[in-house]
Structure formats: C-alpha cells, structure tokens
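Chemist: According to Swiss-Prot, the active site, proton acceptor annotation covers D13, on the basis of sequence analysis. The feature Mg(2+) binding site is assigned by Swiss-Prot to D13, G40. Feature annotation from Swiss-Prot assigns IMP binding site to D13, E14, G15, K16, N38, A39, G40, H41, T128, R142, Q223, T238, R302; the stated evidence is sequence analysis. As annotated by Swiss-Prot, active site, proton donor applies to H41, with the evidence given as sequence analysis. The substrate binding site annotation in Swiss-Prot covers T298, T299, T300, G301, R302, P303, R304 and is backed by sequence analysis.
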Amino acid sequence: MANVIVVGAQWGDEGKGKITDLLSVSADVVVRYQGGINAGHTVCVGEQTFKLHLIPSGILYPETCCVIASGTVVDPKVLLEEIRHLEELGISTKNLFIAETAHVTMPYHRLIDIAEEERRGKNRIGTTGRGIGPTYADKSGRTGFRVLDLMQPEGFREKLEWIVPLKNVLLERLYNLPPLAVDQVAEQYLAYAEQLRPYVIDASLLIDQAVRTHRNILFEGAQGTLLDLDHGTYPYVTSSNPVAGGACVGAGVGPTIIDRVIGVAKAYTTRVGEGPFPTELRDEVGRHLGERGAEFGTTTGRPRRCGWFDAVIGRYAVRINGLDCLAITKLDVLDELESIKVCVAYHCPSKTVEEFPSDANLFGRCEPVYETLPGWKEPTGHCRTLEELPPKARDYLEFLAHQMKTPIALVSVGANREQTIIVEDPIHGPKRGLLGHNGD
C-alpha cells in the first residue's frame, strides 16, 4: 500500500494533471484536497484532451474512486457542467464523490471577487475572478455555505435571508453593483442541489475506510507551493494551502498515513497573474517558451509569464513539502535552445542568498544568479528511457537534481500520457538517489 501526495513545486501549472493521471493507474482513490475552479488540469489521452477544473484527474480510470474533499470550494454550476461534459465524452462519473463539508461558491462571491480586483487598480493580485478568495474568506468568517446546507432546503433558505442582505450592502454601497434577490439565488442553488445530491457523502469517512482496507490513495493538489496562502509569495497567492500539509487538513486524514510526497516542476518556470518572478524572460526566449509550451491558463486563458528554471524556489518547495522525489515536465519545450540557464541563487540588495526570502518586497528586488548549460538541439518527445535522451538533456536533469538535492523519478517529454520517462517507480521504488543524486 502507498498513500501519495502530488504537489506543485512552483507557481502552479506544472503539469500535475498529467502526472496524477499517470499515477492514477495504480490508485484506488484520488482525492482533490484544496482549491476550486480557479485551477485547471489538462490530460491528453491519445487524440483526446480533457480539461478538468475541480474533478480529480483519476476520473479517466473507470474503477478509480474520485473525491472532491472538504478543503475544496465547490461552484455547483461549473461542477455540473464539468460532469455533463465528461459524460458526453463517454467518461462515467459514477465513482465521483463530493464532501458534504466542502464550502460552496455563491453568486456574490464571484461579483465581489471581480469588483474587488478592479478596485485594487495597480495593486491588483491577479485573481481568476472565480470567487475563490471570497468563498474561503466566508469560510474563515463562519458565514459560508457548505454542500450539506444545500441538501437542507428550509435551512438553506433561512440562512440566505440573512446572508444575502449583508452581501447586498457590499455590492451596492462599496462596488456600485445591483443587489441579488434571495428568491432567485434560492431557486437556482436548490436546483443545483438536487442534481448534486447523488454525489454527496461524508468524504473523510470514505477516505478513512480506504486507509483501513489498505487501498492506494493519491492526494492531488491544485496550484503550487509558491501560491500557498501561508508559504507562498504573499499577498500574490491563492486562498488555500496547496502544500503537502494541506492534503491532511483538506482531506481529513492524519499525517502518519502519508507514505510519499511527489513534487511536480516544469523544466523552466511559469507564473500567471501578478507578483515577483526573478527569472522572468521578456525577450524572444520567453516568447519561445510560451509558444512552444502552449502557456495559456486552462481556467482563464491568460498567457503565462515564462522564465528560466529557478532552483531557489525549487529547494524551498522541497523543504516546505518534504518532497521524496520530483517529476520534471515539459523537458521537450527546451529542445531547440542553444543554451539554458538555471537560477541557483539571488543577488538581493545587500547580499547573495541561496534561500527563498519570505518578504515579497525583498523578493521583488532580487536578481537571479545563473549557471548556463548547453542545450541539446534535438527532439526528445520520442524518448521513453533516460538512455534515449540526448546526453546534454541528461546532464541538465542531473544538474536540476543536484541543485534541488532531490531525486527525479519521472520526466515528461510531451503532453500525451505515453510521453513519459519513468526513471524509477515514484510510488513503490526505494527512496534513493536517481539520476546520480546521492543527497550530498
């Protein structure tokens, strides 16, 4: 048995969907433990491309149980659209379950999210405008709705009658927006509730039963370490905890059941939205990475900012998550480059540092210290073993493993499921050096 967490080691969009899909073949249960529809996972199987937002990537395996856990926030309208879309493609959702204690994104959450971002002006954060932050804010403020509230029509309407007027004060007086009608919200959400009812369960109990019966459980995070509310580049972060520790809280399990933590990182770095990004490239190389890597957000369609691999934030992700091994994705995007840079430290205003600074203002003034490696100038998309990779591509991976002080278990060389090099079984293999890294 192995219970594994898959976590993003950068600013999200690392390719966790593909890695989770790949690992789901040996998982009995896949659990999405935090976030909402602000995340997007793209999985390519043969000629089909699946873009998922809230439903775990394991849904593509008919016998795998998929859980949307308590730590997530659920937009009923979008979730139902996602379910319908999968079923139209012939993908069954009979093994999909939604935690009754997950919080619900309401219409006013979206309105407030968009209006507040506009009000911030030049201080905007870069939110997706999907209402995620306001939903988590109401959760913390104890004024939120949970999925189980939707299942109780009388109590739901009663709560709406005192919450909606409060939100209308904000909408009308602060944001100059029209008020919401209680009747309209109630009718809309109670209709959603009836459609979602067959999926709603006590998710923590289901997960506990899976643990007790020695099932393989895969915990799937959204976003990435540097977007974590507590450990990311605050305030340019999400409103939940994508780090490995968030899996235990979001899923309702104890840390002692976790066997492995796998970090996913691109062979370069991307970021969506605002915030410091030391290795960002605003030149032809940056444009090449964006075009070759199809760097557009699955959820928003916004172009991602692109830059060189940052080993400083990588080491930070290793430390914060306790990573056992890494999956490096999109190596093939670098195939045509003459030379490739890796950030190994930062020049801060007064000194050179090799560790990530917590202060976003200081981080914004850091300049990258690079080491330059030769490119390999040949395609890698056909490679299925390390030996088939160009020697300089292997050298690059060795360098990343050494800088991160963490072994690499998987290498992705294309979007499709089969375009993956399995260096060593990331779930059942021994925790030892891969690609020559020995922990020194």
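Counting starts with 1 at the first residue shown.
Cβ atoms are placed via backbone N, Cα and C, with glycine included.
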Chemist: Just to verify: the residue among R302, R304 with the fewest other Cβ atoms within 10 Å, which of the binding-site residues is it?
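Modeler: R302, out of the binding-site residues R302, R304, has the fewest neighbouring Cβ atoms within 10 Å.
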Chemist: Go through the recorded positions D13, G301, P303, R304 and tell me which ones have a CA within 10 A of the CA of N38 (IMP binding site).
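Modeler: So far as Cα distances go, none of the recorded positions lies within 10 Å of N38 (IMP binding site).
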Chemist: Given a separation of at least six residues and a C-beta threshold under 8 Å, show me what packs close to Q223 (IMP binding site) in the same chain.
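Modeler: Listed in sequence order, they are G8, W11, G12, G35, N38, A39, T238, S240, P242.
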Chemist: How many other Cβ atoms are found within 10 Å of the Cβ atom of P303 (substrate binding site), counting all protein chains shown?
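Modeler: Cβ-Cβ neighbours of P303 (substrate binding site) within 10 Å number 14.
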Chemist: If you measure G15 (IMP binding site) to G40 (Mg(2+) binding site) at Cα, how many Å is it?
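Modeler: For G15 (IMP binding site) versus G40 (Mg(2+) binding site), the Cα atoms are 10 Å apart.
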Chemist: Run through the Cβ atoms and count how many others sit within 10 Å of the one on G40 (Mg(2+) binding site).
Modeler: 19
Chemist: Can you tell me how far the Cα of R304 (substrate binding site) sits from the Cα of D13 (active site, proton acceptor), in Å?
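Modeler: For R304 (substrate binding site) versus D13 (active site, proton acceptor), the Cα atoms are 9 Å apart.
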Chemist: In this structure, which of the binding-site residues N38, T128 has the fewest other Cβ atoms within 10 Å of its Cβ?
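Modeler: Lowest Cβ count within 10 Å among the binding-site residues (N38, T128) is T128.
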Chemist: Pop the Cα-Cα gap between D13 (active site, proton acceptor) and G301 (substrate binding site) into the table, whole Å please.
Modeler: 12
Chemist: Translate the DSSP assignment of N38 (IMP binding site) into the three-state scheme.
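Modeler: Where N38 (IMP binding site) sits, the three-state DSSP reduction gives coil.
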Chemist: Can you check which residue among the binding-site residues G15, G301 has the largest number of Cβ atoms within 10 Å of its own?
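Modeler: By the 10 Å Cβ neighbour count, G15 comes out on top.
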Chemist: Sorry to bug you, but what's the C-alpha spacing from D13 (active site, proton acceptor) to G40 (Mg(2+) binding site), rounded to the closest Å?
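Modeler: Between the alpha carbons of G40 (Mg(2+) binding site) and D13 (active site, proton acceptor) there are 8 Å.
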